[in-house]
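Here is what Swiss-Prot says about this protein:
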- 40: N-linked glycosylation site (CARBOHYD)
- 88: N-linked glycosylation site (CARBOHYD)
- 96: N-linked glycosylation site (CARBOHYD)
- 345-350: motif 'XEXPHE-motif' (MOTIF)
- 1-19: signal peptide (SIGNAL)
- 154-160: topological domain 'Cytoplasmic' (TOPO_DOM)
- 213-367: topological domain 'Cytoplasmic' (TOPO_DOM)
- 412-431: topological domain 'Cytoplasmic' (TOPO_DOM)
């Protein structure tokens, strides 16, 4: 039991002795309070002030003028003494301590000394829908990044950029789950339940093992030899390739034949964005382009994997929308934190989905269209999340989203972050560079969510 609640209970029991002889349990409880907070079985005005501070009922600023007493008037220790006819130098003993107990309990129950502006006020209807719609729109723009970033895939620096964003996604998703979503599911308050330090320890345990494991691998690994892997993948943008993978022909459309040079698909399902390009052949003349088949092949001729990815991504985005909507009904900072985590995760995932859809036989326009349509399911999830959050306790949604965030960060993106560099890393220096980039991404995401959690009560979104 919290110390403040224990003291409040003692005060209540002591107050029950009002008007009765000071004997029995009432006297024992009174003497306990006087022994802890007073001296020589008596209580001065200053010591009463410390008792009020311990109970969280002390005025934050100077004493207010006493007028007609009412339930929401903030009283200092001197005010309580004055109202009961005691001077500031009077020492309260057990015989008259019960007289001031009702005043202390009144201050403790109604908290009139708290700043009303500090109370957490739920966002208004327009704020929830406005900020929620804006956040989902920004997140959905990530689904269009494939078209913009496809030309950068073959750049030598692209693996470093992608590694940082994958690490950032891991840090934000994992931290948002342990700092925000899971505690909210259990009804914890970071200012009262003091779970933040324990959540930091949870992340610390994960990060410590990651750091030790990667360090040992760098120290013990013999570079320059072929690593034993269950798959092979080409280097990102490598110029030393002996030959390019064979292109896959797509059905002709309007007299134009498209050939998709697919991403390398490993047996374990990992996609490496190194050989994505589309060329067209018309009248026997080769022409490199992003894709001249704007209409694309028939939907029935597109690989099944494309529809599986689209449907799974739509469900994933629906859950994301649920989490965002429920978070914004709680507070704007909670919604912002969840949105940041989802945005960081969507960037590498949407890029990967775009490449998979191209590999399955879609044209660029079709891949963008279906990737964007699956992303729009986030709006549906947002609406459900807001409705549930406003009418019911959203704890179940927070628990569901927290578990999903843990799975995506630890079981999905974390192995992907390591596997994507298996053959890219050719020396200890290169391995160390990517290791530092991974650390920078994860620690950036962790720090951002931690700061939002710690200072959520001091940040105001107007």
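The backbone N, Cα and C atoms fix where each Cβ goes, glycine too.
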Averaged pLDDT score, the motif 'XEXPHE-motif' (345-350): 72
Residue, out of the glycosylation sites 40, 88, 96, whose Cβ gathers the largest set of other Cβ atoms within 10 Å: 96
Per-state residue totals over the topological domain 'Cytoplasmic' (412-431) - DSSP helix, strand, coil: 12 helix, 0 strand, 8 coil
Three-state composition of the topological domain 'Cytoplasmic' (154-160), taking helix and strand from DSSP: 3 helix, 0 strand, 4 coil
DSSP-derived helix, strand and coil totals, residue by residue, for the motif 'XEXPHE-motif' (345-350): 6 helix, 0 strand, 0 coil
Whole-number Å value for how far residue 96 (N-linked glycosylation site) lies from residue 88 (N-linked glycosylation site) (Cα to Cα): 15
